[in-house]
């Protein structure tokens, strides 16, 4: 026993000498033997924790999977499917309107504003606002032109609303449908052609019509020169948006076909603006016969109403 005690004392003296020589040395306590495996286990688990979570599945991965399931598109016969087409906020709509009014040279409108989240909310309400702007402004323009004429009796023409709605919505849907079909057909023949979805093309055409809303309001001014200047100005802005968007899609095609496609796009856009101006604002005045007004001396006076 004395020998064992002397050995332990010698070992303690050696340990004390070592600690005095190197104070930073690591010591191990025999009172808490379970701490070492825990710390060691923690240090080993930390670097590969993310990989383990992906392989084994944790709460975070379950939440990610759940959110991914929510983003899946619903069937087309459900209301949720069409609700995604109107899932935009005010700031996105305003940015797209600004982009259509102030086009930036060299910037693609689809890639810059539409590709991340194409919508039908903006195009629908822009077309609806344009319909009423053209119809109301056309009636007001006709009223101001004949204001002060004693033989003129103002009658609002409500049929202009239906005519304007048919024209605007037909243009905003049928022309993009034709262009989408043409691009799909050419894409099957030329591999380098950029393809746009039908929703993206409708979105571009819808936002490009916004500039015609203030233009239609200013068409109330009864000056043909002012009206035609406004038409040319608005056509240059909206037409440039269409050209800068669809020219990259067809520039790798045959040169004549590419130029003819862009020319057709601009021509149809110009026909819409000129047609609305000519029909709703510069329509020829029709003469309507006024009723016969008898006079006491037996003669009849026939007045002419415009």
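Backbone N, Cα and C atoms are what each Cβ position is placed from, and that goes for glycine too.
Predicted automatically and left uncurated, TrEMBL annotations should be read as such.
The model shown is predicted, which means the values in this text are computed figures rather than measured ones.
Among the features that TrEMBL reports, region 'Disordered' is placed at 30-60.
Positions annotated as compositional bias 'Acidic residues' by TrEMBL: 50-59.
Taken from TrEMBL, the feature domain 'Yip1' covers 101-274.
What TrEMBL lists as transmembrane segment is 120-141 (among others).
Taken from TrEMBL, the feature transmembrane segment covers 161-185 (among others). For the transmembrane segment (161-185), same-chain residues at least 6 beyond its ends with a Cβ under 8 Å from one of its own Cβ atoms are 123, 127, 130-132, 134-135, 193, 195-198, 201-202, 204-206, 209, 246, 249-250, 261, 265, 268, 272, 275-276, 279-280.
What TrEMBL records for 197-222 (among others) is transmembrane segment.
Within its own chain, the transmembrane segment (228-250) has Cβ neighbours under 8 Å at 99-101, 103, 105-110, 179, 183, 186, 193-196, 204-205, 207-212, 215, 218-219, 257-258, 261-262, 265-266, 269-270, 273-274, 277, counting only residues six or more beyond its boundaries. The feature transmembrane segment is assigned by TrEMBL to 228-250 (among others).
Long-range contacts of the transmembrane segment (257-281) within the same chain, counting only residues at least 6 positions beyond its ends with a Cβ under 8 Å from a Cβ of the stretch, are 134-135, 137-138, 141, 160, 163-164, 167-168, 171, 175, 179, 182, 186, 208, 212, 215-216, 219, 227-228, 231, 234-235, 238-239, 242-243, 246-247, 250-251. Annotation comment: TrEMBL describes 257-281 (among others) as transmembrane segment.
Sequence-distant contacts of the transmembrane segment (120-141) (same chain, six or more residues past either end, CB-CB distance under 8 Å): 85-86, 88, 93, 96-97, 156-157, 160-161, 163-165, 168-169, 172, 199, 202-203, 205-207, 209-210, 212-213, 216-217, 219-220, 222, 276, 280-281.
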